[in-house]
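Working notes, structure below.
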């Protein structure tokens, strides 16, 4: 009532002066159209913090009471909470001045942190005597009761997210005096404002990636694009496929042709890891060394030099496809067995020290390697090649 009286008195004091001032502002082309866009992501995050804050305030305000429940005070406490946060946000600029005067005090400037701090203060102000003097604030029962009441409000649609976002928008603009999270542009005409909105960094955009329903401000477009799970991107392992980001890990460890795998002759000594699509090329290019690895296991008592000569004999004796078509230890062992049968008994010297030929492939290591695979012994290789194991 008093406010209305004050308003009427101000209106009746000197109306011509006000009219002249407004007319002069319009004549001078003063901006009267304001862009009302803001960072919806920050506002939504603030809105999400309001309901848990209200639940805590209602529970702490009625704890230990016999005649009141959190639900019975929710409407009044909500109104008080909105009023408190609005007034507090309006005086935030002055608070900031005093806080910044203390060099030892670290204060977050992010709107969410600031509003969360205001909400905590409001919660504290609503605690009743029992909550303050008992151990209620640190009890597990308190947390459970707050969670239960929060869930009850969500189920009953009390203070829907849309209404909370409207409050959050006001709070955000009050404390964002540096215009970091909302647009404060002003224009002289509606046409100028409409043109600005088409390019404003706070305009709302929808993600264009199929399957994604995320909405964000234009300023957040690059950040969302770099994280969107539905975006189609090139394979991380450099294969020719393009895959949805959320499917990338599965693709890379299952069907990607560039997935690194062990050489088929890993168990007998070839420690190479190659892309799956290049296994065939690797096998053909390294046939002589793979052949020698198997001969080392079959004829441990034979020197490297003798085994090299034997390998050359086997290559000359074989048809062009016989050894080249052997794709693994088993098939190459069969091929060697057939060729050695044609050569007859092996006549070789056994006195050459293997360590003197460091440039040649060594025999398969005796201890378990990083993959946990124990290289084959001669007996195991023979049994594997003959199909008896």
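Cβ coordinates are placed from backbone N, Cα and C, and glycine is handled just like the others.
Annotations in TrEMBL come from automatic prediction, not curation.
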118-170, 171-223, 224-276 - the range that TrEMBL marks as zinc finger: 224-276
DSSP-assigned states of the domain 'TRAF-type' (224-276) in counts, ordered helix, strand, coil: 17 helix, 12 strand, 24 coil
